[in-house]
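Encoded as structure tokens, the structure appears first; notes follow it.
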Amino acid sequence: MSEFDYDLFIVGAGSAGVRAGRLAATSGARVAIAEERRVGGTCVLRGCVPKKLLVIGSHFAEDFADAPAYGWTVPTPSFDWPRLIAAKNRELDRLHGIYRRLLSDAGVTVLEGRAKLAGPGRIGLGSRTISAERIIVATGGWPVLPDIPGIGHAITSNEALDLPALPKRLAIVGGGYIAVEFAGLFNALGVEVTLFTRGDLPLRGFDEDVRLTLAEEMAKKGIAIRSRTRVSAIERGGDGTLRLDLVDQDGSAGRAFEADCVLYATGRHPNSRGIGLEETGVAVDELGAIRVDEFSQTSVPGIFALGDVTNRMALTPVALAEARCLIEGLYHGRPRAMDYSLVPSAVFSQPAVATVGLGEAAARQRWGEVDIYVTWFRSLRHTLTGRDEQVMMKLVVKRDDQRVVGCHMVGAEAPEIVQGLAVALTAGATKKDFDATIGIHPTVAEEWVTLREKRPETSL
Ligand SMILES: Cc1cc2nc3c(=O)[nH]c(=O)nc-3n(C[C@H](O)[C@H](O)[C@H](O)COP(=O)(O)OP(=O)(O)OC[C@H]3O[C@@H](n4cnc5c(N)ncnc54)[C@H](O)[C@@H]3O)c2cc1C
Ligand SMILES: NC(=O)c1ccc[n+]([C@@H]2O[C@H](COP(=O)([O-])OP(=O)(O)OC[C@H]3O[C@@H](n4cnc5c(N)ncnc54)[C@H](O)[C@@H]3O)[C@@H](O)[C@H]2O)c1
């Protein structure tokens, strides 16, 4: 009989916690998981899934607009936002149920409430103290907003996914994943969207051609991008209008902007406050991210951390993979460090972005000489619609051994296409392998295997 209540206690039933709990329980461990909100976490309830459903819903606007070019007569379409939100929420309820069932079928005990570490091997939950041989902290992250006057008038992605009605004018502050994704979906639904970014272009850290192309394509679709502009204060007028005070990058203040709703997408911080980390001696960094080694071990033996709370790479498939690596090490004797080098990712902006491997600048820094193949073109679909939408594809090839080290795409189907390319890069594909691959015609994707002309160095 074990001296512990459980072999493994997990704090947080999001992507990382649920995956770790199920894998550990099916390996024979006695597992409990605590959740203070709803099982499923950010991805299922406040992130990837609801966001993608709204993005899918918003795409119909362009489809209706384009249909006459293909012979259709479309009566003026009308859109009902509350109906979409209700449908989305029904799906989230269904998924929540599935996640709960997956846990109970695997034999995981689900405990409701906010858990707090009470020392190595001990967890507080309400008035109870529970003991466990091992603990995993998988508490995720939460939106962070700057401390400016009137910030209480702003919403975050959490509320944006459940707005009671569509605003007429929406200001979005930030230039990362969430900012461009929400800008795209609300713009497509007819909201006047203005994006305020601190830098010149959105998506800092992405390949420069991706950033430029996306900014141009977003602008063509009607999104106003106010770059190098900060919001210094927000005020609500008597008629409910929000007034944003703006400061240019050069420091000149005094301009104002009016909107009906302001969404802050200025990043997320790890959920690590008030959960007993300091008291237990679990080290965190300056942002509050739990420090872990390559095996997700924290500074305290027996306590591990996974997912967004470690701020390694805030993506669901990464959280899932970290969980698998950890559980295989703990319960199957196969410790494995997670490999972050070729993690593909997509931004569900309009048009979408998808990428795997290094951008051009990062590849030059890492590998020295690289060959660049890049193309912009209009897809067959838009030859009839006349829509001026450019698809961009870019290959970054390491010059010495011709290995493809980066694929970057801006275009409607980019996320679906780049997933397959990630397999090729993981397998170590060279430019010759791409060239030897037969295309599928007529597709957008076939361009990946017909890129022949290197970009001349002089154009850099
Ligand atoms: C708007 C948005 C869109 C996104 N879109 C994508 C996407 O398209 N693709 C993608 O890969 N990633 C996306 N992400 C990121 C992805 O959602 C996260 O990387 C992922 O959910 C992280 O999982 P996690 O398990 O680390 O944390 P979470 O899923 O946040 O789970 C943590 C859980 O812990 C619970 N919790 C916290 N503290 C306690 C406590 N003390 N006691 C009990 N429970 C606690 C929380 O309630 C939560 O349920 C998106 C994120 C957002 C916000
Ligand atoms: N499709 C996806 O995979 C997806 C979608 C959404 C979120 N995510 C994950 O969630 C994370 C969080 O998303 P996010 O978009 O909130 O964060 P982010 O880190 O991607 O972007 C935050 C942006 O806000 C800007 N910013 C920060 N402080 C600011 C301020 N005071 N004023 C103006 N701008 C400011 C930053 O410069 C940056 O452009 C992402 O990094 C990503 O890992 C992934």
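Note: Cβ is positioned from N, Cα and C throughout, glycine not excepted.
As recorded in TrEMBL:
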- H441: active site, proton acceptor (ACT_SITE)
- K52, D308: FAD binding site (BINDING)
- G174, G175, G176, Y177, I178, A179, V180, E181, G267: NAD(+) binding site (BINDING)
- C43-C48: disulfide bond (DISULFID)
- 6-323: domain 'FAD/NAD(P)-binding' (DOMAIN)
- 343-451: domain 'Pyridine nucleotide-disulphide oxidoreductase dimerisation' (DOMAIN)
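Where TrEMBL records a feature, it is marked here on the structure.
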residue	record	Cβ neighbours (10 Å)
C43	disulfide bond	24
C48	disulfide bond	16
K52	FAD binding site	16
G174	NAD(+) binding site	23
G176	NAD(+) binding site	18
I178	NAD(+) binding site	23
V180	NAD(+) binding site	28
G267	NAD(+) binding site	17
D308	FAD binding site	31
H441	active site, proton acceptor	8
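For the recorded site, I178 (NAD(+) binding site), the DSSP three-state label reads helix.
Cα to Cα, K52 (FAD binding site) and C43 (disulfide bond) are separated by 10 Å. Looking at the residues that bind NAD(+) per the record, G174, G175, G176, Y177, I178, A179, V180, E181, G267, the two CA atoms farthest apart are separated by 13 Å. Look at K52 (FAD binding site): DSSP puts it in a helix. Checked against D308 (FAD binding site) by C-alpha proximity, the recorded positions C43, C48, G176, I178 yield C43 as the nearest.
Between the CA atoms of G174 (NAD(+) binding site) and the residue listed as 'active site, proton acceptor' there is a gap of 39 Å.
Taking C43, G174, G176, V180, G267 as the candidate recorded positions, the subset whose CB lies under 6 angstroms from any atom of ligand 1 consists of C43.
Here the CA atom of C48 (disulfide bond) lies 15 Å from the CA atom of G176 (NAD(+) binding site). Checked against ligand 2, the binding-site residues G176, I178, G267, D308 give G176, I178, G267 in sequence order as having a Cβ less than 6 Å away from one of its atoms. Cα separation, C43 (disulfide bond) to the residue listed as 'active site, proton acceptor', rounded: 35 Å.
Using DSSP to sort the residues of the domain 'Pyridine nucleotide-disulphide oxidoreductase dimerisation' (343-451) gives these counts of helix, strand and coil: 37 helix, 35 strand, 37 coil. The average pLDDT computed for the domain 'Pyridine nucleotide-disulphide oxidoreductase dimerisation' (343-451) is 97.
Report note: the NAD(+) site is defined by G174, G175, G176, Y177, I178, A179, V180, E181, G267, and the residues of the same chain whose CB lies within 8 Å of the CB centroid of those residues, excluding them, are I172, F182, P202, L203, A265. The separation of V180 (NAD(+) binding site) from the residue listed as 'active site, proton acceptor', Cα to Cα, is 31 Å. Between I178 (NAD(+) binding site) and C48 (disulfide bond), the C-alpha separation comes to 10 Å.
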